[in-house]
Amino acid sequence: MSSPNIRQKSPVPRASPSAGVQLARQSPLTSVSSAGSLAARLVDGTPTVSFRRFNCTVFGVLGIIFFIYFTVVLCVILPWLSYSVPGVLNLGFLSFDTGIALYCFLLCVVVDPGRVPADYAPDPEANIVLQVKRKSGEVRFCQKCARHKPPRAHHCRVCRRCVLRMDHHCPWINNCVGHANYKAFMLFLIYVTAAAVHALCLLCGHALYWVRMHAEHRQHSIRTGPGGTAVGTSAEAPLRGNLVWAIMQTLCTGVSLPLTIGLVMLLVWNLHLAIHNKTTIEFHEGVTAKIQADKAGTSYKHPYDLGLCGNLHAICGDSLPAWFLPTRAAADGNGLSYASGWHSAAGDMRVGL
Ligand SMILES: [Zn+2]
Ligand SMILES: [Zn+2]
């Protein structure tokens, strides 16, 4: 768990002051912040949970996951591979991936991404770095919520409030992806993509197996003549399937193929953002900031990029074995301050508060 470790010496930021994500260094008078008590309240790592976000879309996503899982298990793994070693291994891996993906999905839905405390106020006396408005240079303030915005927080029009470290509002979870559920969102993408690729491979493998068996059956029928049907032979077994199962497999493949392609693309994109410690909003802000910096003849660097290891630690936590387990929904920190790569040379300096 991080703490606002504020040091009095800090290097000058390398980015242009006119960059999209602007930071302002405050006067080094005191580091006692009125927001310190707020940080202490949020640092307990207990995110708020709400079950009111379950809607038709969320149930639809759950239905698709269950449909693909049970179709692959009941129509492919058990009839085809049965309880052989490959069958048990495939069943185990698919169940593990799907189970963790479901748990992470439910976390994404029910966990509040992070609210700005009602009495949050940036401390102008602290020797810290604050995000400021791009044009006026003033500390960011949300007119709709009538309160200050911590660094990386943005107002969500759907949720009608500011969200800490807002990444984007996701209609599939009927919730914002923010500070408290970002790790769960990333793990959901990883495990659901692995499960989708696995399921699609099993569906395609079974379809190829069925086509091969069908061809062998026809060859056998041709050799033995019209009266010599291969009743009872092993070649007929895969052809004796229920028509309903065949339709379900076809439907399942039709759903899985575009879904898997979309998930792989989404995962690659989000991994790219994660290894640079950028939210989706910050990516777009960074594009604008880079153009402005190029025009001004300066350089722009994302302020929260801590390097590959630092970024992964910031998102997944300090415990390496827990990186790929949904042991906690929230990323490290309290959501009101974040370490900045601009100060990496000066040590663990926090940004915000
Ligand atoms: Zn707001
Ligand atoms: Zn939202």
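Note: Cβ is positioned from N, Cα and C throughout, glycine not excepted.
Caution: TrEMBL annotation is automatic and unverified by curators.
The feature domain 'Palmitoyltransferase DHHC' is assigned by TrEMBL to 137-284. Here TrEMBL flags 1-20 as region 'Disordered'. Residues or ranges marked as transmembrane segment by TrEMBL: 58-81, 87-111, 188-211, 243-269.
Note on the domain 'Palmitoyltransferase DHHC' (137-284): DSSP counts are 88 helix, 17 strand, 43 coil.
Using a Cβ-Cβ cut-off under 8 Å and counting only residues 6 or more beyond its ends in the same chain, the transmembrane segment (188-211) has close neighbours at 65, 68-69, 72, 75-77, 80, 90, 93-94, 97-98, 100-101, 104-105, 107-108, 238-239, 249, 252-253, 256-257, 259-260, 263-264, 266-267, 270, 324. On the 0 to 100 pLDDT scale, the domain 'Palmitoyltransferase DHHC' (137-284) averages 86 in the predicted structure.
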